[in-house]
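Per Swiss-Prot, the features are:
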- 169, 170, 171, 172, 173, 174, 175, 176: ATP binding site (BINDING)
- 370: site 'Required for activity' (SITE)
């Protein structure tokens, strides 16, 4: 048999050319035990804390406990298909999510995978979920209003861009409704406002019923607010690690806007459930429990999340991320562990009370206990001019109302105070899904503090408000425009507003 050397070398060259260069070298470990969403893995000696690892079948996990003889991994998904002895691979990547404008209008899970059936998300950028918050130098103090469209909040407990304002209350007191109204209120700016004013919204649902999240998305869609919103959902049926991760994932998505000179608003609904899922993970990882069986670093869990909401300085693009975390209390107990923690981290809180809710005062904001630590620097001058007196009058009203229950013969001044207070309380009521523009709120509150409601029966206050706003939109749009552009009530505007109120009050009675 005749063997030609040239032929052999050609065959060898061909073989070498087609030799697979994509041999994959990865560090692997073995599952020692698995259960309750936690896997103990032997090996993975060089794994990093917070690194993503991969189980057979493409299930992902995150290395949290790095011990001398094994690694504690939390599993993002079902642990049913993972068995003892399975091989676990390092991915080399810290947990990250897709970010960018491509996510707007979509519903994603805590890892950024779409769950709304609208096809894949073609995001080109990814960001780590757990990054350090901006330091002191890149920040700027909060000075621009973040309008929620709710009179009770924008007038008395103003929220600024870059602030963290806690929404706290028992179940069924309208906490999510406040977030929803704040989202819907951004529609007017998105439709015809300047680019620099637009506020992109991120809603993080933690441990809620799927039906509740679906309802939230439906309302946003019907009212045209989904196009500038991102929904991150880790529902009650998702494993605890997903519920723990969702707020961080949503925050990373919001930070993209903050770091690119845009503005974002993120609502965490709610952080009590995130703390519960973190407690579950920590106890299963055998970390020592502390107060109420929460781990020692549950304060750090929330502080490092909420510190990422910030107003950046001009060198950094002047973007902002505003956070509205929600905490659900049990039986109005705000002195429990998680509520006190989050109250101490945030820049103020909006207290919602069951009693007020059932009295028909909605939004059920307790004006006495709620504060905003940013205060009037997050209001336009026009709002400061009218809302300055309303807070004092309401405080006096609450004090007097307590005394007035005992005495029947009240002097005229007290009677006047009680009358005014009852009407102002009525004025701050607002139906859901009907946020008001700032200039409309200013006009309405102006009527309240200048005595135009004092002669009306309390039941007619709402009707007067609706009528007056319709009148202003048709007849006095120049007044509203003046308040919007000047951001203050000049003497000229004040005269016109008073004249408009006088003429409307005559026709109303």
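Keep in mind that glycine also has a Cβ here, set from the backbone N, Cα and C atoms.
Here the structure is a predicted model, which means the values were calculated and not measured.
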Long-range neighbours only, meaning 6 or more apart in sequence with Cβ under 8 Å: which ones does residue 170 (ATP binding site) have?
328, 329, 330, 331, 332, 352, 353, 354
In the chain carrying residue 175 (ATP binding site), residues 6 or more apart in sequence that have Cβ under 8 angstroms from it:
167, 168, 169, 269, 270, 326, 328, 352
Per DSSP (three-state), residue 169 (ATP binding site) is strand
On the three-state reduction of DSSP, what should I expect for residue 174 (ATP binding site)?
coil
Just name the most isolated of the binding-site residues 172, 176, going by other Cβ atoms within 10 Å of its Cβ.
172
Using a 10 Å radius around each Cβ and counting other Cβ atoms from all shown chains, which of the recorded positions 173, 370 yields the largest count?
173
Out of the binding-site residues 169, 174, the residue with the smallest number of other Cβ atoms within 10 Å is 174
Reported as an integer number of Å, what is the Cα distance between residue 173 (ATP binding site) and residue 370 (site 'Required for activity')?
15
Within its own chain, what residues at least 6 apart in sequence put their Cβ under 8 Å from the Cβ of residue 171 (ATP binding site), listed in sequence order?
328
Roughly how many angstrom lie between the C-alpha atoms of residue 174 (ATP binding site) and residue 370 (site 'Required for activity')?
15
How many Å separate the Cα atoms of residue 176 (ATP binding site) and residue 370 (site 'Required for activity')?
17
Cβ within 8 Å of the mean position of the Cβ atoms of 169, 170, 171, 172, 173, 174, 175, 176: remaining residues of the chain near ATP:
328, 352, 354, 357, 364
